[in-house]
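In what follows, a single structure is set out as structure tokens and then discussed.
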Amino acid sequence: MPRTRTPLAAIVLAAGKGTRMKSNKAKVLHEVAGRPLAYYPVKRALELGASPVVVVVGHQAEAVEAALSAALPEAPLRFAVQEQQLGTAHAVLAAKRALRGYRGPVLILSGDTPLLRAETLEAVVSAGRRARAAVSLATMTLEVPRGYGRVVRDARGRPARIVEEKDATEAERAVREVNAGLYCVDAELLWKKLAKVGTANAQREFYLTDLVPMAAQAGGVAGVEVPAEEASGVNDRVELSRANRVMVGRLAEAFMRAGVTIEDPARFDCDEGVEIGADAVIEPNVRLRGRTRVGARTRVGVGAVITDGVLADGVTVNPYTVISEAQVAEGAILGPFSRLRPGADIGPEAHVGNFVEVKKSRLGKGAKANHLAYLGDAEIGAGANIGAGTITCNYDGERKNPTRIGEGAFIGSDSILVAPIEIGAGAYVAAGSTLTDPVPAGALALGRARQVTKEGWVAQRQAEKQMKGTATGPASARKGRPAARRAS
């Protein structure tokens, strides 16, 4: 989306509590595709070239400010506080100081409209310029317009006023064209007219919509109809879920058009900001979170969950693998049912198999841990083999200790490596060993008790049991009385 070449500022209204969410968290902090609701209108305004963007905060102001600053650290954001939520006009007035000295159009958006596209904002801004109107506003047509302010047009078909539902007559309530809550207003007119807005309405609030009849007299109002899906706000958990599904659907479509195979878009879930390379294949029920990057030709299997993971080209992620803050090099094979925890670094062509957990450890090229192992705080050399059931005992109750396994080393099944410990290159560790001392390169280490085999033990034990049973038989039998016979 090309940025506008003329000055443009924006105000995003994000002060409300959102009581219908029934949450202790401010409404605009609830997430769609991994981002706070307010992130999206702010980002769209930035994409259009708005600078500055003033976010009006109120309920949980510090949390909202922190979330947006973290999500958009380089953006020209300013924050204004609306101490009391007295209406939309009052909220816009709270931004006046932050825009002191600015002259030009001001885009005003609601913080709970995540589905707005930058093209839609551009249409609203451009409509005002083309019509030389003091105000341009977005409208939408709804089959059931309950809860929205109705747009009343004049004889020439231009927006003349907006009537909130609680103040509307029966005839006005029948109107299906409603206010979308998106405006572009000249800054000078905005501050001048807002000072005249009163509270003569059913809610006793300062309505921003009162600006429309004032602007109609001052220089006209341009109306732009926009898709209802984009402009509808999120007010409860049902609408939040719908918005999330639409946003994820848009992301899936963009990936597919860029050469990614998503086998079932309806069962695909990802966050805004995820990257996927061409010819990657994403199987059903995969979840990609945070800043995850999936390389070209990588295949992610059913049920995998990846959060802030970096996967190179040609990686195979088998079903139900969980990856968090880890990186995987080209050609590596993971899973099924493997877990990479923060700090895991899997080298090229390495294998991490089923029920293997890796934390803060690096596997070199071609290293393999194919089954049932825990590798924590470990450095594993290229070509090393980690047998099933191997554990690095990295925690001594006070600190984490490292394990180093050299290139080409072979660790037998069910081995316990008590850190800190180092296994040299090419060394062998016998299955079932518990090791506490270093193993030199090329050596064989055995850390288990010697096997003892007792031939004939089973027969001897059975004979002893039989003799014991005879010695402890019924008292009558021991006294020489005839034993009772069973009828045949």
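Just so you know, glycine gets a Cβ as well, placed from its N, Cα and C.
Going by Swiss-Prot, these are the annotated features:
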REGION    1-237  region 'Pyrophosphorylase'
BINDING   13-16, Lys27, Gln82, 87-88, 110-112, Gly149, Glu164, Asn179, Asn235, Arg341, Lys359, Tyr374, Asn385  UDP-N-acetyl-alpha-D-glucosamine binding site
BINDING   Asp112, Asn235  Mg(2+) binding site
REGION    259-488  region 'N-acetyltransferase'
ACT_SITE  His371  active site, proton acceptor
BINDING   Ala388, Asn394, Tyr395, Ser413, Ala431, Arg448  acetyl-CoA binding site
COMPBIAS  478-488  compositional bias 'Basic residues'
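Annotated features, which come from Swiss-Prot, shown on the structure.
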| residue | record | DSSP class |
| --- | --- | --- |
| Leu13 | UDP-N-acetyl-alpha-D-glucosamine binding site | strand |
| Gly87 | UDP-N-acetyl-alpha-D-glucosamine binding site | coil |
| Asp112 | Mg(2+) binding site | coil |
| Glu164 | UDP-N-acetyl-alpha-D-glucosamine binding site | coil |
| Asn235 | Mg(2+) binding site | coil |
| Arg341 | UDP-N-acetyl-alpha-D-glucosamine binding site | coil |
| His371 | active site, proton acceptor | strand |
| Asn385 | UDP-N-acetyl-alpha-D-glucosamine binding site | strand |
| Ser413 | acetyl-CoA binding site | coil |
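Among the recorded positions listed here, namely Asp112, Glu164, Arg341, His371, Asn385, Arg341 has its C-alpha nearest to that of Tyr395 (acetyl-CoA binding site).
A distance of 17 Å separates the Cα atom of Asn235 (Mg(2+) binding site) from that of Glu164 (UDP-N-acetyl-alpha-D-glucosamine binding site).
Annotation: Leu13 carries the greatest number of neighbouring Cβ atoms among the binding-site residues Leu13, Ala388, Ala431 [cut-off 10 Å, Cβ to Cβ]. For Gly111 (UDP-N-acetyl-alpha-D-glucosamine binding site) paired with Asn394 (acetyl-CoA binding site), the C-alpha to C-alpha distance reads 47 Å. His371 (active site, proton acceptor) is 14 Å away from Ala431 (acetyl-CoA binding site) when you measure Cα to Cα. You'll find the Cα of Asn385 (UDP-N-acetyl-alpha-D-glucosamine binding site) roughly 10 Å from the Cα of Ser413 (acetyl-CoA binding site). Taking the Cβ of Gly16 (UDP-N-acetyl-alpha-D-glucosamine binding site) as reference, residues of its chain lying under 8 Å away and at least six apart in sequence are, in sequence order, Ala26, Lys27, Val28, Gly58, His59, Gln85, Gly111, Asp112. Along the region 'Pyrophosphorylase' (1-237), the predicted structure has mean pLDDT 91. With respect to their backbone Cα atoms, Leu13 (UDP-N-acetyl-alpha-D-glucosamine binding site) and Asn394 (acetyl-CoA binding site) stand 50 Å from each other. Mapped onto three states, the DSSP output places Tyr395 (acetyl-CoA binding site) in strand.
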